[in-house]
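> Handing you a structure now.
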Amino acid sequence: MPPSFPSLPLPEAVAATAHAALLALAALLLLLRAARALASRCASCLKAPRRRGGPAVVVGDGAGGALAAATAGAWHRAVLASCAYALLSQVAVLSYEVAVAGSRVSARALLLPAVQAVSWAALLALALQARAVGWARFPALVRLWWVVSFALCVVIAYDDSRRLIGQGARAVDYAHMVANFASVPALGFLCLVGVMGSTGLELEFTEDGNGLHEPLLLGRQRREAEEELGCLRVTPYADAGILSLATLSWLSPLLSVGAQRPLELADIPLLAHKDRAKSCYKAMSAHYERQRLEYPGREPSLTWAILKSFWREAAVNGTFAAVNTIVSYVGPYLISYFVDYLSGNIAFPHEGYILASIFFVAKLLETLTARQWYLGVDIMGIHVKSGLTAMVYRKGLRLSNASRQSHTSGEIVNYMAVDVQRVGDYAWYFHDIWMLPLQIILALAILYKNVGIAMVSTLVATVLSIAASVPVAKLQEHYQDKLMASKDERMRKTSECLKNMRILKLQAWEDRYRLQLEEMRNVECRWLRWALYSQAAVTFVFWSSPIFVAVITFGTCILLGGQLTAGGVLSALATFRILQEPLRNFPDLISMMAQTRVSLDRLSHFLQQEELPDDATINVPQSSTDKAVDIKDGAFSWNPYTLTPTLSDIHLSVVRGMRVAVCGVIGSGKSSLLSSILGEIPKLCGHVRISGTAAYVPQTAWIQSGNIEENILFGSQMDRQRYKRVIAACCLKKDLELLQYGDQTVIGDRGINLSGGQKQRVQLARALYQDADIYLLDDPFSAVDAHTGSELFKEYILTALATKTVIYVTHQVEFLPAADLILVLKDGHITQAGKYDDLLQAGTDFNALVSAHKEAIETMDIFEDSDSDTVSSIPNKRLTPSISNIDNLKNKMCENGQPSNTRGIKEKKKKEERKKKRTVQEEERERGKVSSKVYLSYMGEAYKGTLIPLIILAQTMFQVLQIASNWWMAWANPQTEGDAPKTDSVVLLVVYMSLAFGSSLFVFMRSLLVATFGLAAAQKLFIKMLRCVFRAPMSFFDTTPSGRILNRVSVDQSVVDLDIAFRLGGFASTTIQLLGIVAVMSKVTWQVLILIVPMAVACMWMQRYYIASSRELTRILSVQKSPVIHLFSESIAGAATIRGFGQEKRFMKRNLYLLDCFARPLFSSLAAIEWLCLRMELLSTFVFAFCMAILVSFPPGTIEPSMAGLAVTYGLNLNARMSRWILSFCKLENRIISVERIYQYCRLPSEAPLIIENCRPPSSWPQNGNIELIDLKVRYKDDLPLVLHGVSCMFPGGKKIGIVGRTGSGKSTLIQALFRLIEPTGGKIIIDNIDISAIGLHDLRSRLSIIPQDPTLFEGTIRMNLDPLEECTDQEIWEALEKCQLGEVIRSKEEKLDSPVLENGDNWSVGQRQLIALGRALLKQAKILVLDEATASVDTATDNLIQKIIRSEFKDCTVCTIAHRIPTVIDSDLVLVLSDGKIAEFDTPQRLLEDKSSMFIQLVSEYSTRSSCI
């Protein structure tokens, strides 16, 4: 008792002393601050020159800028009101004492209220100052003051209650007691404020300030550069002090920002250097490679590499885990002593208080160590995942062709998304291997004290429980493996469908492929069902094991003649409850070990795959040779084990500065020759020497998602002058003027919203900008029109690359004369090599190629030389419409406001008139609280929510029976060893078994119901999302990267499959368990309710405070996952290009950056969970300590010892259950975001109906194939300009229509409108008198046929690619193959029609893929056929062959041909010339060629003369 207040009760004396001390400390700090400010001002006055006017006063908190405004919210006003309320209550007490006692008032009565009144006046003043100064958080002294005040208030209230009950009304001062009780709510709120620290002020700073309210908006390059330079702050975790680490307060600034506004990625601090992906990758890769070098004949161990890299982290985590395990058994060990104390068996003075203190310290240590342990394993998991992901990515860039063919891109993505995740998650189970034996030893030691030698039976029962769980775990592992295999298959097919959605829609195949995916999902669901039901069995084993162990232990003790006491039984039950966790974890541990081993084996197998050999090509210094490329005795094969190599007897010497052209028929090995120079194709013999750097342009354009400038620069620094020269050389200037944002326009996934010619020219620009020594160009001019091709060849090959070594593959014969050397390939051999004239004289293969080209040119010459009287004599020329018909068509066009033979009007759009709309949309992300509609919708997905009440009922029954079984054991056993038992031992065990096993059955029922509910909801959501995605318009796929969609159907769907339902059930479970714990504790000590209510309020507030940040972190996490997946799939697809440019390091760096962007919110999210749990458990620990203090303060005999022991037993779990309750809701809120994201895709806009039942066309439609365009207007978006401007014309049925025009003139848009991939803004398209907008999309597209520019093959077989709908016989398929000249090739293969087609058709040449696409059209036999640049990638001879097949097989069909090769359309019945989205000309080729000013004749002239011009 303090000497200055001898007459005061102890709690009031302590309160007065504490308030006085805090007042003195505050005064001292204010004086020191004033003195320091005065000294600083004096020093500045002495140093600084005098200025006019007074000193500038900046009010702020020193955050880097002046405070502009501080707005007080409800929180801050509540703080002020609470302080004022506390002050007024003390003033009221003083007034009452003076009024009642008058002059007889004692100093004792006035001392405490007077000191408290002064204290609250000071606190109110400090709270008011917060707004003036601009505090975001209250000072530490103020917060401590509030917490201490609340604690003292509760202690005084308890002391007053005890004295009132024990000694009567005279023992207390009513005025003080009433004021104290009345202050509890206000002080409880201030205590909460003290814990949280926030002032509740909305601060706004000037632009020099910290900008709390504006997110940091940085472009990708700027943000990356700033992060590399360290401009963004590094996480405070990196250099936090011990106290900050222990309390996790280093995270508070981020959570404070999140409580004020939604977090953005820029708000999240950077990871410390040691935590970044680069550091983790270097460490793991170094240890892995060291094993490879030290033990060359043995496969390196990935497990060992991980352990060697992170053993220090594992050791620190193990220390925390060991301390946590030991202190967690202190409570069960002391329960029996505590029950003995309450029974009156006091061993030493103050035993009760000492026991209560030990309980408190143990729980405190348990809380602190648990949070450090869990955060430590989370961080270790992030390190492992980052390092492994980087290793998988690096391997994906270096795979040889054979290895690449054995792993699809979907499988490689799955290695990263699934296997790496699983290995990283094993960090949670890593320490369980040695902790389980430690926990069993500690448990046996406690049981030996309570039940003696019977603890041996406990060990036997524990071993049996573990043994019983092993088969269930193995079964679960089996189901998990099957589930993962089926998921891999579904994801592979989903990825393929998403990448090729355009062809699926054009061919009306989307329903077929969607049904295939649904069938795959059904297989996956079968294994998912068994996996979930096996999880229910594991749950039953989990709850049954401690009951089984308890029955065996107690039964053995009774049989051996031992006596059970209430304290011993409660101690044993508490021990069994702790032992329950490792027993439950053991099956999970076995399962996770098995799953992790499988994942490690898969990853290790992948990392051991063959890479491209470093010696495939030999780099020779330029100073030592004049040869840029030198191949001698070369033999190469994509399949090293085949008897027939792809290329053989290759001898090639290319002198530096030469232009080498490579030509040949399709499948002759042209692209393979370039691959041999790059080192991409396995070398069987010979050598390849390269001198200088290389740039590679593949035949199939590879474009990254990003803007055009980034694609051209490709990691190089911007040189504006060189950049402009590149743009001009690649004929991109006009395209950039027309594109939105110019070269800053973000292009879609794989450049999907660029035309084929634009993609090819962007590729060429990328290569040219690199300023390489050797240029390898694989048919780069096939996708552009004649004029652009001529310009490209002159500006690019002949001018920009005049001094470079160029090897170009081409099918355009007109580009061959400019070559210094021409290589003619056939069947993998160089059959001829030489200059153009020499090869012409030699004849053979080269002569055949040139002859085919000359025939096409001669066809155009015939048209130019003929007149109207000789039209009918043109070879292969179909009968053209009569002159009157043509005139009618002209008149119809004129009536619609368009002349038939006018030049296109150049419409130059000014930059200031462009609407700044990006073509790739940012990923949709909700902000703020998850809507309750999401929860309700999800719960209503399965059986309309009827299972929810049953789940709650089963959980309630489980909790009631659990409490009843423990209460029965505490009540029926004697208090001490000398007392007689209240019931027979057999009855004791039978009743206990009945209650306990009954509770286990109810929890088993609950698990089954949750699994059934979750499975039904997951399946319904998946089907709904899948159908909405497949029904989405093509514009959605044009503007959404496939990786983003894959993220939803893989990651988010997995969360819904395996997590959401159990999170929902877990929240209901913890809620009911928490209510049970509170009920038991309050039954014994009702006073605990005094703290339970404010504690619950504090917990709810902290949960809301936390979830505001956690929710946004989870959303950011989901968004940041997509770029990682997308870069994986994108890089794997373009690995050859990346390697060809020598850009592996840059892409690896990009991958590491994206991994850090993903790890930043993940680290903060995991730390936020521990931050919340720590505070929840600390509150629970203080409540438990308060309960213990009440129990030991009651006189002996007041409370029944067994019931008090039961309350303590449950109280030991209070902190864990309280934190788990809040945490379960928070995790549910975070996981439900996956449901929210799936619902976003369930609300995607849909295309028009596939079938309109009341408006279906006849089965024979279209009979004639007439196509009439009436004032057709098309734009891609409502806010974008028109692409087609009122096009009106008619394509007569059965005629051949050629559609030509410059790049960007609207040719492909017209075709998209015909197939309704884009719905017209205005006008109509009439086919055989039916408006196509009035019928279903499936009815339309299934009656049309198209051979697209980019031939698409699906993984599977030739049969499946030709006839995916399984509508044709084998005979019909063979006939189609023979017609498209592939019959011999397919018959030569062992599998015939079942010959495999790899992902993207990589094992077939581009020309062969195009012929397969022709085979599809032959089988479909549609009346209308569209060729969209269908022959752009084949040689002239093959082009002529295809045209011959089309003329013979589609002679009665309407054929619309878009082509850049003029001979392809020169023999058409009509030619439509488009310019800037309008009809420039539409007439017969002969008439157009007669008009010397026509645009068509210019195109013809350009094509026929460009070879001579070159």
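Cβ atoms are placed via backbone N, Cα and C, with glycine included.
Per Swiss-Prot, the feature compositional bias 'Basic residues' maps to 906-918. Residues or ranges marked as domain 'ABC transporter 2' in Swiss-Prot: 1267-1501. Positions annotated as region 'Disordered' by Swiss-Prot: 889-925. What Swiss-Prot records for 12-32, 78-98, 109-129, 319-339, 342-362, 373-393, 453-473, 540-560, 945-965, 1060-1082, 1154-1174, 1179-1199 (among others) is transmembrane segment, and it gives sequence analysis as the kind of evidence.
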> Who are the chain neighbours of the transmembrane segment (453-473) in space, where the CB to CB distance is under 8 Å and they lie at least 6 residues beyond its ends?
440, 443-444, 447, 534, 537-538, 541, 545, 548-549, 552-557, 560, 562, 579, 583, 586-588, 590-591, 594
> Using a Cβ-Cβ cut-off of under 8 Å, list the residues of the same chain that are 6+ residues beyond the ends of the transmembrane segment (945-965) and lie near it.
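Contacts of the transmembrane segment (945-965) (Cβ under 8 Å, skipping residues fewer than 6 from its ends): 543, 547, 939, 992, 995-996, 998-1000, 1002-1003, 1005-1006, 1009-1010, 1012-1013, 1065, 1068-1069, 1072-1073, 1075-1076, 1079-1080.
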> Between the transmembrane segment (109-129) and the transmembrane segment (12-32), do 3 or more CB pairs sit under 8 angstroms, pairs being 6 or more residues apart?
yes
> Go through the chain and flag residues at least 6 beyond the ends of the transmembrane segment (319-339) whose CB is under 8 A from any CB in it; none is fine as an answer.
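Same-chain contacts beyond the flanks: 347, 352, 355, 358-359, 362-363, 365-366, 369-370, 372-373, 376, 431, 435, 438-439, 442-443, 446, 449-450, 565-568, 570-572, 574-575, 578, 975, 1201-1202, 1204-1205, 1208-1209, 1212.
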> Report, as numbers and ranges, every residue of the chain located at least six residues beyond the transmembrane segment (1154-1174) whose Cβ falls under 8 Å of a Cβ in that stretch; write 'none' if there are none.
235, 237, 247-248, 251-252, 254-255, 265, 268-271, 275-277, 367-368, 370-371, 374-375, 378-379, 382, 386, 389-390, 1102-1103, 1106, 1109-1110, 1113-1114, 1116-1117, 1120-1121, 1123-1124, 1127, 1219, 1222-1223, 1226-1227, 1230
